[in-house]
């Protein structure tokens, strides 16, 4: 397996880049977040890679960090998520944002990614729960461990993900679930 490539970036044509390594040009599919972070053509780059060998093709996927590659590998294990969809997820959400969405069970955030419908988002949340290390970036803002319960209650009441998140940010430190819901509803009514 090819785990990492270092060479000269010779071409960028989204979502593919071409990296020259000692005279051999490797075409590598990358998420848009990685593509935007790459330097101009002619510069030296290092990409962490994942090789997929199929009957009709050998495909190389590249990432700016090993954490991003690990997340990609976890995503493609989810039923209904292929490599293209996993790239779309990583193009739309950083690893920290994805981890937070999984921890807080935010289907709304995932369904904004092209190719992810409600059922796929729910399956992804179910199958990925607890698989992204220490759930990077998912530390609850104000409501301690009750934040996801409060968020789910607000979403069940018909409030959007954006409205619910804004209300959660206004909650005081360490509030319990029932008090948190009451305060969040009060903030949303204003």
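Just so you know, glycine gets a Cβ as well, placed from its N, Cα and C.
According to Swiss-Prot, the protein has these features:
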- 1-64: region 'Domain I' (REGION)
- 65-137: region 'Domain II' (REGION)
- 137-141: region 'Flexible linker' (REGION)
- 142-190: region 'Domain III' (REGION)
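When DSSP labels each residue, the region 'Domain III' (142-190) comes out as 35 helix, 0 strand, 14 coil, counted as helix, strand and coil in that order. Secondary structure counts, DSSP: the region 'Domain II' (65-137) has 45 helix, 0 strand, 28 coil.
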